[in-house]
Each structure stands twice: as C-alpha cells, then as structure tokens.
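Written out below as structure tokens is the structure these notes cover.
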Amino acid sequence: MKPQVVFVLGGPGAGKGTQCARIVEKYGYTHLSAGELLRDERKNPDSQYGELIEKYIKDGKIVPVEITISLLRREMDQTMAANAQKNKFLIDGFPRNQDNLQGWNKTMDGKADVSFVLFFDCNNEICIERCLERGKSSGRSDDNRESLEKRIQTYLQSTKPIIDLYEEMGKVRKIDASKSVDEVFDEVVKIFDKEG
C-alpha cells in the first residue's frame with residue numbers, strides 16, 4: 001500500500017501541531033512534523049546531518065530538501081513496516097518552498113499520494129502572540145520575536161506560493177485558524193469526514 005499523505009501548512013503559531021494531535025486521535029493518522037524530525041535529528045549525536053541542521057535552524061533558514069525528505073521517508077517506511085494498515089500520514093510544515101515541492105515530486109512521485117493540503121490560515125500578529133506564549137514554556141530557541149518575524153517572512157515568501165499552487169489544483173482545504181482550538185477542530189472534522 002502506498003502512503004496517503006495530507007500536507008499541513010500554515011504560518012508559525014497557526015496551531016498545526018495542536019490540531020494534528022487531535023486528528024491523530026480521531027482518525028488514526030500518523031503525524032510527521034518535518035520541524036520536529038529535524039530538531040530530533042539535530043540532537044542525535046550519531047547523525048550525519050546534526051550540525052548542518054543546527055546551522056540552518058539557527059539562521060531561520062529552510063533545511064536542504066534531501067535531508068528533510070530522507071527523514072520523512074524513513075519515518076513512513078518504519079511506520080508501515082511495523083503496521084501495514086497505518087498508511088495515512090499528516091505531514092506538517094512541509095513542503096515549505098518550491099525546492100521542497102520539487103524534491104518531493106522527484107523523490108516521491110508514484111511512491112506516495114497527496115490527498116489534499118490542510119491550510120491553517122491565521123493573521124500574523126495572532127501567530128506571533130501565540131508563539132511568544134508558547135516560547136515561555138516550550139524552550140524552543142526560535143520562539144522569540146526576532147526569530148518569529150524572520151520565520152513569518154520566510155513563510156510568506158516561500159510557503160504561501162506553494163499553497164497557491166495547490167489551490168490551482170483544487171487540493172487546498174482552508175481553515176480560519178485564528179479561532180479557538182475547539183472551533184478550529186470543528187472545521188477540521190468537517191473536512192476529514194468529507195474526505196475520508
């Protein structure tokens with residue numbers, strides 16, 4: 001069976017992680033966060049990519065696509081090897097730019113199907129406030145205002161065009177993510193119930 005993938009996109013603080021956790025619980029998807037995989041890999045002393053990832057994350061830059069895709073593939077392969085029924089994946093925070101998308105199409109063409117793109121649309125100021133709140137407890141080095149301004153710029157320049165591209169293909173399911181967690185999840189449920 002081929003992996004069925006839903007790409008989850010939205011700016012920093014749009015609530016991607018929070019909503020993904022709920023989707024996993026309700027629909028049995030496996031959640032793969034590109035950012036988390038990279039952060040874990042960065043901490044792994046045996047990783048060949050660790051230092052490289054560290055440098056990119058510190059500078060608020062997007063990590064080279066080969067690294068991200070190899071981590072995503074590894075996770076999907078391991079999940080499906082352990083349980084063949086588990087072939088539904090939420091991939092969160094990817095593809096983040098044109099390069100990511102081309103890399104995915106080149107590497108994963110025919111190997112995985114993208115069902116749709118779940119787009120959490122959220123006003124920048126709300127996103128920044130949420131991240132600053134999260135930064136107090138998350139210990140994430142990039143949850144500070146300066147880093148956030150950079151991450152939002154990167155998102156607007158790089159990721160938004162990808163969403164527009166999928167929009168043209170009729171694959172985007174857009175959600176107003178500025179509402180409360182429960183209200184947002186109600187919208188998510190409508191989409192997943194319809195898409196199956």
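Using N, Cα and C of the backbone, Cβ positions are placed for all residues, glycine too.
If you check Swiss-Prot, you get these features:
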- Gly13, Ala14, Gly15, Lys16, Gly17, Thr18, Arg134, Lys179: ATP binding site (BINDING)
- 33-63: region 'NMP' (REGION)
- Ser33: phosphoserine (MOD_RES)
- Arg39, Lys61, Ile62, Val63, Gly93, Phe94, Pro95, Arg96, Arg140, Arg151: ribonucleoside 5'-phosphate binding site (BINDING)
- Lys43: N6-acetyllysine (MOD_RES)
- Lys55: N6-acetyllysine (MOD_RES)
- Asn100: CMP binding site (BINDING)
- Lys106: N6-succinyllysine (MOD_RES)
- 133-143: region 'LID' (REGION)
- Ser180: phosphoserine (MOD_RES)
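Features per Swiss-Prot, on structure.
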residue : record                                   : DSSP class
Gly17   : ATP binding site                         : helix
Ser33   : phosphoserine                            : strand
Arg39   : ribonucleoside 5'-phosphate binding site : helix
Lys55   : N6-acetyllysine                          : helix
Gly93   : ribonucleoside 5'-phosphate binding site : coil
Asn100  : CMP binding site                         : helix
Lys106  : N6-succinyllysine                        : helix
Ser180  : phosphoserine                            : coil
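Neighbour list (Gly93 (ribonucleoside 5'-phosphate binding site), Cβ cut-off 8 Å, at least 6 residues apart, same chain): Val8, Leu9, Lys16, Ser33, Ala34, Gly35. Once Cβ contacts within 10 Å are tallied over all protein chains shown, the recorded positions Thr18, Asn100, Ser180 are led by Asn100. Gly15 (ATP binding site) sits 20 Å from Ile62 (ribonucleoside 5'-phosphate binding site), taking the Cα positions as reference. Closest in space to Ser180 (phosphoserine), of the binding-site residues given as Thr18, Asn100, Arg134, is Thr18, taking the CA atom of each residue. The candidate set comprises the recorded positions Lys106, Arg134. Of these, Arg134 has the most other Cβ atoms within 10 Å. Note on Gly13 (ATP binding site): other Cβ atoms within 10 Å of its Cβ, all shown chains, come to 26. In this structure, Ile62 (ribonucleoside 5'-phosphate binding site) belongs to neither helix nor strand by DSSP; it is coil.
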